[in-house]
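A.B. asks: Okay, handing you the structure first.
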Amino acid sequence: MRHPGLLVSVVFLIYTMAITGNITLILLIWADPHLHTSMYFLLSQLSLIDLAFISSIVPKMLVNFFSGKKKISLIGCGTQIFFTLTLGIAECLLLTLMSYDRYVAICNPLKYPIIISHQVSQKMTIGSWVGGTLASLAHTAYAMHFPLCGPRVLHHFFCEVKAILKLSCEDISAYEKGVLVTSIVVVLLPVSFILTSYTLIFLQVLQINSREGKSKALATCSSHLTVVIFYYGPAMLIYMRPGSSHTPILNQGLFMFDTILTPMLNPLIYSLRNREVVGSMKKVLRKCPIQNRLPCFSY
């Protein structure tokens, strides 16, 4: 790479924006009583996952660059694999459940408070975290038990399962089939569920007579659908594209988009496309003194 310093500077800027955007969104949802609904609770959990996801990768990357020591211990590598897989799978599950939340809100609005109560949204969140943790634990333990041989040079910007498996001395074909099965369960099935949900949503939206009602429903759904495309698109190209293991540079670019760019874009997408979030932000800014806008969250 000709200009690594420039790339690291851009990554640091993106990381700063991701941290700021996601923390701001979480604090807004926590501080504004009007946002204390199941939809925004799930959105705050998405921001929390994004915050942890990008933080499990970028700080180590920056430390390696500025220290000049591009090394990581085997335990550190296994730990990073565990957290990135946990958070990645948890986000897949949460995005799927969020599509169901939107389906109920638009197709069964009168029953929404009953079907998607606060307790149900909490169970959705817990299920996403537990599902991600269990799947990650199984894959991390199995992937790290393979012996490594030859030069332990990882051609990646973080410890990733497929990159680690390339250094293994043993035949990993059986495990690769397991990764494919997991990809189908974690990626393909949720995408099918999301597409089904949005097909039903759009059919319902077409029956809404009010133009304002249509635009509000589409604005809410388009934000979530954009996030789904940004997240699932690269994931499907990485794990379900034939011959993806033979294109490491392309995979790194896709991972860069999925793990670094997407956590930065998510709060922007939801903030710019959501009138309630924008209104809450304006309300907070109006309550802050012009001279000092730092202690804003004092409700």
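Note: Cβ is positioned from N, Cα and C throughout, glycine not excepted.
Remember, TrEMBL labels are computer predictions, not curated facts.
Computed from a predicted structure; not experimentally measured.
Per TrEMBL, the features are:
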TRANSMEM  7-31  transmembrane segment
DOMAIN    21-270  domain 'G-protein coupled receptors family 1 profile'
TRANSMEM  37-58  transmembrane segment
TRANSMEM  79-100  transmembrane segment
TRANSMEM  180-205  transmembrane segment
TRANSMEM  217-240  transmembrane segment
TRANSMEM  252-272  transmembrane segment
A.B. asks: Which whole number is the mean pLDDT over the domain 'G-protein coupled receptors family 1 profile' (21-270)?
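C.D. replies: Average per-residue pLDDT within the domain 'G-protein coupled receptors family 1 profile' (21-270): 85.
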A.B. asks: Which sequence-distant residues neighbour the transmembrane segment (79-100)? Criterion: at least 6 residues beyond either end, Cβ under 8 Å.
C.D. replies: 39, 42-43, 45-46, 49-50, 52-53, 56-57, 60, 72, 124-125, 127-129, 131-133, 135-137, 139-140, 143-144, 158-161, 164, 186-187, 190, 193-194, 197-198, 224, 227-228, 231-232, 235, 258-259
